[in-house]
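Trainee: Quick one: the structure is below, questions incoming.
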Amino acid sequence: MSATATTTVVEPPTTTLTGATEPPFTAYTTSQGLRVSPVPLPEHNTDVGFGALIENVDLNNLSDEQFEDIRKALFEHQVVCFPNQHNLPPETQYAITHRFDPESSTYGHGNRTNQQNNSILHPDLHTLPGVPQVQLIGHGVVKDHYGLEEVRLKHPHHRTFHRDPISEEEEKEKQVTRFYRWHIDAALYDYNPPVVTTLLAVNAPQGTQTLRYDDKSGHEMPVPLGSTAFASGYRMYELLTDEEKKVAARTRVQYFPHAYVTINKARALPNGLGMYSEGLELDKSELPPWEESRVKTFPLLWKNPVTGKLALQTHGCCAEKILIDNEDGTTTVIDDLPKVREILYNYQRPGINPERVYCHDWKNGDFVIFHNRGVTHCITGAYRDDQTRIFHQCNLAASHPPAGPSEEDIAAM
């Protein structure tokens, strides 16, 4: 691949943060007695139209009717949190995740990630022996945990992935951090993206850091220590111009085979949304064995199965090509990697402005389900060596690919 010094992007305007807007919906009680209310938001979140708390339900004894209420709430609100789930075992977490896609059974990356030493995901995942679809993630030494005798966890740090990291001095003395890598949970090769991801906070250290974008926007915001950041793909779509929406509706994105191995040596932009194009991607001859038939191509817009809304969903760090199906029946292929990255970055960047990013403030016992086909998310924060973070993560490679816009959707644009 030819080397290019950088990725050209349109810099977003600096935003003045003001007080929070009204909640995106009014709290309600479902027919099964579940209480659904908006997540609390900090003052700078003036344009977060998603997120809900769900209470008054026993997840260990979930009826079909109660699950249907949860399913509907998830597809309407994209991220739902069940507080105080301290006694939720991995078996139940897997069972709940599985109910969103009963024909799925394999972990979203196929349980092969920890066998690929040169994958950027390799250090971050440890499978629970009794429930291989559930992963142990976090930071610090964990002993005698659901069949794992002793594991040393490492919270992903932007210094291992960004080209120009924050100095250690700023990080330690000023408590400055960054977005690590904006992504959807997906293998992007051989497997379909999971419908949902579930996360259980077993132990979540508390604190506050300042998250800085460092992308010439001047954007920064306070974030809870180790927060998971979420941005709405629906809002990203809404922010496109009418012409961009028409093109996006006919656009597909092809991903690298073994994408996380391919980009292992490449480095990310400071806001974690995309990559510098410097010719550091591995050549396909250097990858583990792969087959063209297993390379994944997905629509740029993914359709919500309940609301019918369109979300702009892509993993820009791992994209190889853009394919645009023209109205005359031809297909335009964009395979210049810097251009591919520039297009996807500029589509997504307005959607991660501080006013639009929900950073979940994890408390012990929080059980979060997020719609992996409606939001993109990102790790934040940095932990000290003496801090221990323990989370259980579960997502399942879907039995079906994401649905794109229908012909009726495209005709209505």
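Cβ atoms here come from the backbone N, Cα and C positions, even for glycine.
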Trainee: Quick one: sort out which of 1-24, 25-48, 313-336 is the region 'Disordered' according to Swiss-Prot.
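Mentor: My reading of Swiss-Prot: the region 'Disordered' range is 1-24.
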Trainee: Can you tell which of HIS371, HIS377, HIS392 Swiss-Prot lists as binding Fe cation with HIS183, ASP185?
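Mentor: Candidate in the recorded Fe cation site: HIS377.
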Trainee: For the 2-oxoglutarate site that Swiss-Prot assigns to THR228, TRP362, which of ARG250, ARG252, ARG384, ARG389 is also named?
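Mentor: 2-oxoglutarate site check in Swiss-Prot: besides THR228, TRP362, the record includes ARG389 out of ARG250, ARG252, ARG384, ARG389.
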Trainee: Using Cβ-Cβ distances, find the residues under 8 Å from HIS377 (Fe cation binding site) that belong to the same chain and are at least 6 apart in sequence, listing them in sequence order.
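Mentor: Set apart from HIS377 (Fe cation binding site) by at least 6 residues yet with Cβ under 8 Å, we have TRP182, HIS183, ILE184, ASP185, THR228, ALA229, PHE230, ALA231, PHE370.
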Trainee: Taking the recorded 2-oxoglutarate site as THR228, TRP362, ARG389, identify the other residues of that chain whose CB atom sits within 8 Å of the mean position of the site's CB atoms, giving them in sequence order.
Mentor: LEU199, ALA201, ALA204, GLY226, SER227, HIS360, GLY381, PHE391
Trainee: State the count of C-beta atoms found within 10 angstroms of the C-beta of ARG389 (2-oxoglutarate binding site), not counting that atom itself.
Mentor: 21
Trainee: Cβ distance under 8 Å to TRP362 (2-oxoglutarate binding site), same chain, sequence separation 6 or more: which residues?
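Mentor: Non-local contacts for TRP362 (2-oxoglutarate binding site): ALA201, ALA204, PRO224, GLY226, SER227, THR228.
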Trainee: Other residues with Cβ within 8 Å of the Cβ centroid of HIS183, ASP185, HIS377 at the Fe cation site?
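Mentor: The surrounding set, listed in chain order, is TRP182, ILE184, ALA186, THR197, HIS315, ASN372, THR376, CYS378.
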